[in-house]
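> Take this structure, written in structure tokens, and hold onto it; I'll ask about it next.
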Amino acid sequence: MAVLLLGEVTGGELNVDATSKAVGAVKALGDVTVLCAGSSAREAAQEAAKIDGVARVLVAEDARYGHRLAEPTAALLVSLAGDYEHIVAPATTDAKNIMPRVAALLDAMIISDASAVIDAETFERPVYAGNAIQTVKSKDAKKVLTVRTASFEAAGEGSPAPVEDATLADDPGLSKWVADEFAESDRPELTSAGRVVSGGRGVGSKEDFALIEKLADKLGAAVGASRAAVDSGYAPNDWQVGQTGKVVAPELYVAVGISGAIQHLAGMKDSKVIVAINKDEEAPIFQIADYGLVGDLFSVVPELTEKL
Amino acid sequence: MKVLVPVKRVIDYNVKARVKADGSGVDLANVKMSMNPFDEIAVEEAIRLKEKGVAEEVVAVSIGVKQAAETLRTALAMGADRAILVVAADDVHQDIEPLAVAKILKAVIDEEQPKLVIAGKQAIDNDMNATGQMLSALLGWSQATFASKIEIEGEAAKVTREVDGGLQTIEVKLPAIVTADLRLNEPRYASLPNIMKAKKKPLDEKTAADYGVDVTPRLEIVSTGEPEGRKAGIKVGSVDELVSKLKEAGVV
């Protein structure tokens, strides 16, 4: 029984949090081999080798894997799949792009966003925006899955595992990278942040979202947004927390001007402490908040920022 | 250019799914059903390509129960030219897995020969986020998932994608599969005259067996349960009280 796990490598760097949580999720299933692919991936591989539970690291360092395009990366995973029963990745946007392609090429049904690993064939996953949890048992010879990192503890550090070169696979040459547009930010990354401050439709405008950002910066928190705020153009899509955005489980989640639609709750209800600030005392967000404050966010948020 | 758009009939976006007491699934009897919101965005994008003169024909396809014909009528009312319904289940509670859906769609595409497929990125019922990617794999086509912008340039499509950290733009060779994310467009409402007109547009009915696809699930659903609940806490009266509570809880 062996596991092949796609390490999350972006711009040559390993996302240690996402990768080690994915390792933590599946290490009980067998020896874990982490694959680090990218135009530069060797340093990331050295990092991955230090994650406890990793038996071996494979490096695929080549320009064809430079921007995590689905077709070449999926071809690489499929070419390596023979030795493994489980092919796994943390459920990032890159992996959500790549892993279903891998599954179909192996004639297996993807198990997306697993939130618990019961045994080698049985997994739990949220459906209907987290309003139900399905336990599914895979009948496929190879199990291809993505894991919801917010549901698992990171594997700690261990003694370094050996790093080897992977045999590269042919690039199908179907697509090419044109440009990235990443906002530079000193804030913590949303899915791994210990604190998150999110704004909703109640914030009212893109300009007023600065209130949310100021509070976040005071707390050293990441900034999130509800789908309604993203829809209205107040915040970029990669800030979206919820069913179709990111799933977070920080120590502290502050929801400002967010009513609490089920789609939003799906992305944050596993947070340890939830604070809700909303002028509508009937807002559903108060039904799950540990501390609720009914009030006008335009006066409450600056006051809170000042007093923290 | 022909554009094909797969659409799924799902529980309405505004309805809260209820787990059945016996753990056998989610109760869908007498629940309002609608077109999956991301599929609406996909239909809208295809229609806009037609309005721009880039696409000549828009074909909507749905795979599921007979009632999915209603969902296809919605796509036709929005502006799709014709529709294909592939009946693959009798019971509204039976969800056809993305792998089987992709196999059926591949067979439809082999016949229809579209140059572009625009699908929703995720169905809001099973939350799999997989059908487009799987279809692309089976066809050996290029894929551009989570699109927020699509530009057709000759034999290629330039697609801007929503990814962790921001946006990525890639160029994919046609034919290609694109999956629609939230900000790609805002879908139109079908007007009453168009709803009337849609009733006369062609809707072919097929079955999964017509395409020789076995839809037996690969994932056996052992049980469906309620997520762990979360209780409401307390209301605080002031910012000062909130700050002191957060300090007590040790989170600030």
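Glycine is no exception: its Cβ is also placed from the backbone N, Cα and C atoms.
Below are the features I grabbed from TrEMBL:
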BINDING   A:Arg201, A:226-227, A:240-244, A:257-264, A:Asn278  FAD binding site
DOMAIN    A:3-181  domain 'Electron transfer flavoprotein alpha/beta-subunit N-terminal'
> Fewest other C-beta atoms within 10 angstroms of its own C-beta: which of the binding-site residues A:Ile258, A:Ala261 fits that?
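Selected from the binding-site residues A:Ile258, A:Ala261 on minimum Cβ neighbours within 10 Å: A:Ala261.
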> Can you tell me whether DSSP puts A:Ala261 (FAD binding site) in helix, strand or coil?
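SS state of A:Ala261 (FAD binding site) = coil.
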> Count, for each of the binding-site residues A:Arg201, A:His264, the other C-beta atoms lying within 10 angstroms of its own C-beta, and report the residue with the smallest count.
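Output over binding-site residues A:Arg201, A:His264: least Cβ neighbours within 10 Å is A:Arg201.
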> Fewest other Cβ atoms within 10 Å: which of the binding-site residues A:Gln240, A:Gln243 wins that one? Let me know.
A:Gln243
> Can you filter A:Arg201, A:Gln243, A:Ala261, A:His264 (the binding-site residues) down to those whose Cβ is less than 8 Å from some Cβ in chain B?
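Checking chain B against the binding-site residues, the residues within range (Cβ-Cβ under 8 Å) are A:Gln243.
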> Return one of helix, strand or coil for A:Gln240 (FAD binding site), based on DSSP.
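Assignment for A:Gln240 (FAD binding site) reads strand.
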> In the predicted model, what is the mean pLDDT computed over the domain 'Electron transfer flavoprotein alpha/beta-subunit N-terminal' (A:3-181)?
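A mean pLDDT of 97 is what the model gives the domain 'Electron transfer flavoprotein alpha/beta-subunit N-terminal' (A:3-181).
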